[in-house]
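Q: Quick paste from TrEMBL:
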COMPBIAS  1-15  compositional bias 'Pro residues'
DISULFID  Cys449-Cys458  disulfide bond
DISULFID  Cys509-Cys518  disulfide bond
DOMAIN    117-348  domain 'Laminin N-terminal'
DOMAIN    419-481  domain 'Laminin EGF-like'
DOMAIN    482-535  domain 'Laminin EGF-like'
DOMAIN    593-714  domain 'NTR'
REGION    1-38  region 'Disordered'
Amino acid sequence: MVPGFPPPPRCPGPSRPVREGHPTARRGPSLRLPAAGAHCPSLAPQEEEEIKSLGSSRGLLALHPTAARARLPPVPARPGSSRLFPAMGSCARLLLLWGCSAVAAGLSGVAGVSARCEKACNPRMGNLALGRKLWADTTCGQNATELYCFYSENTDLTCQQPKCDKCNAAQPHLAHLPAAMADSSFRFPRTWWQSAEDVHREKIQLDLETEFYFTHLIMVFKSPRPAAMVLDRSQDFGKTWKPYKYFATNCSATFGLEDDVVKKGAMCTSRYSSPLPCTGGEVIFRALSPPYDVENPYSAKVQEQLKITNLRVQLLKRQSCPCQRNDLNTKPQHFTHYAIYDFIVKGSCFCNGHADQCVPVDGFRPVKPPGTYHVVHGKCMCKHNTAGTHCQHCAPLYNDRPWEAADGKTGSPKECRTCKCNGHADACHFDINVWEASGNRSGGVCNDCQHNTEGQHCQRCKPGFYRDLRRPFSAPDACKLCSCHPVGSAVLPFSSVTFCEPSNGDCPCKPGVAGPHCDRCMVGYWGFGDYGCRPCDCAGSCDPLTGDCISSNTDIDWYHEIPDFHSMHNKSEPTWEWEDEQGFSALRHSGKCECKEQVLGNSKAFCGMKYSYVLKIKILSAHDKGSHAEVNVKIKKVLKSTKLKILRGKRTLYPESWTNRGCTCPILNPGLEYLVAGHEDVRTGKLVVNMKSFVQHWKPSLGRKVMDILKRECK
């Protein structure tokens, strides 16, 4: 059995009478079919070989039951032939013993077939001609009523008198249109197509709306079979054609080809070109007959042989019934036509092993002649994460590895694998370079990352957004917009895009600018603008907008707020660019900082600075915050404090001065003791250390000297 394809019916068992109305009932009341449980009848060696060859393609070639018309005239039983069918020819028994051919070929057990298409699977086969229009070059009586004659079926092979009748394509009861070849063989067993009179060459064509898998063709003739004919197929909707098989009474003389009766696998055969029987002769073609040996029905080689969009039969040479030689009364021209009962095109929807059901192709409307009850549709209901009319590619979000057809030999479904897009993409594509770079493990690249993400797997936030750690990364709002002030925050070199730290949203500020969003000047700075803020030219603080000096001992009304950045931002303004080294903190890169050391000289200059506090501190730790630094200290002694109540213990200092290299000064190294004199931020109560502050390593002598200055001279 070919994996992925449904098996043919099991071999029937003990004989049972043929019911009335069955097509084979016309063979006579003595014909009996095997019923369930019986052994297949014994066959002559030649017949058994023929049956085995019919089943040699492992289930793909199982004949449809409607093919069992058995219109052949009886022949004398030969030694060793079946006694169950003593009056039937081998071809008729070949069709009726369909189930036996499956057993003879060992067709059992289908790898990969399951009820839910969990492994390799294939839709059920049927007659592709049902519900579709068959074309023929001519039709009997298409211009006017014609008289024709034929020989009816008989049971003793004797030549009886011919019967004659009329045909007219315009009158339903006299019409024999091409559609009659594709109606139900059970419901309408005595309908046929007939060509016009005196036609030597005729063509019958089936056009399909998409690609299908074609397995075999069965034609049952009402007229004598042609002396020469060709079966062609197209895989590009009729643009080009390739021959499947040549049929001729003499292959060498007609086509210059060898006969497969003599040479197995030849392109021509004489098996189905005899004029006998004059009515009911059959032509059978199997697409996977030798030399094709099938193990995987979805392999490229098999697809090339089975896929079709069009099927065409060219009837090239008509031949007469031998009985005509004995009939001197009937005009010969009344027999000069082709007539076909059935044109059965067995096949299935083409799904690459990824579907077991199909629906109509978009826009397809089946024709419904009398007797049509089942149509083989061509659009696959894809499984295994595949998509497309024929499941020929992976579904949009399942391209992490290359698409493959299912393996009909092992049953492996070869499922498409989902891409890892963290919930931020609806589709991905396969990239061979990514696949090879990963060692053939993963090749999916996410398309059009959503929710402000980017990357091969949408695994990071876009520039201008930061990761909100309070939300799972698969959440649509996991990436938040950086809320950096467009004037106060720094930008990337040669870029106008403001950015923030992707992990927490911290904004990098321009020199002299402070705040989590870089939206204000540091204490001791003023003139918030495109180049940051400028240092105050004062001993203490200054107005952040005007630069006017302000006493630190005076209550200040901080009404000079910087305008909201949404109203200030103008994308047309030139972008401030800064040097590559800027933005580094002295806390991490002290080696790059050159901070001028304070010297305690003139006592009047020291008092003129009007420091808010003078402290003995020990540096515990320092933390770089990007726009500023925070230094944790232990206050060991308070030499002076003004409005602020400062107690001994742990406190935080805020160094906010920047040099042109992006460092904080003065430098405060953890573990050391310092004497620090500085100002407070009257708005926040923070102890500020900047370029105007006095900072020196603590020495007892320095402490005594400063205390003396504070008591005697700083009044």
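Note: Cβ is positioned from N, Cα and C throughout, glycine not excepted.
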Q: Pick the one among the disulfide-bonded residues Cys449, Cys458, Cys509, Cys518 whose Cβ has the fewest other Cβ atoms within 10 Å in this structure.
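A: Result for the disulfide-bonded residues Cys449, Cys458, Cys509, Cys518: minimum number of other Cβ atoms within 10 Å at Cys449.
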Q: What is the separation, in Å, between the Cα atoms of Cys509 (disulfide bond) and Cys458 (disulfide bond)?
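A: Here the two Cα atoms lie 28 Å apart.
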Q: Averaged over the domain 'NTR' (593-714), what pLDDT does the predicted model reach?
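A: Average per-residue pLDDT within the domain 'NTR' (593-714): 81.
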Q: I'm trying to understand the geometry here, so how far is the Cα atom of Cys518 (disulfide bond) from the Cα atom of Cys458 (disulfide bond), in Å to the nearest whole number?
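A: Pair distance, Cα basis, whole Å: 29 Å.
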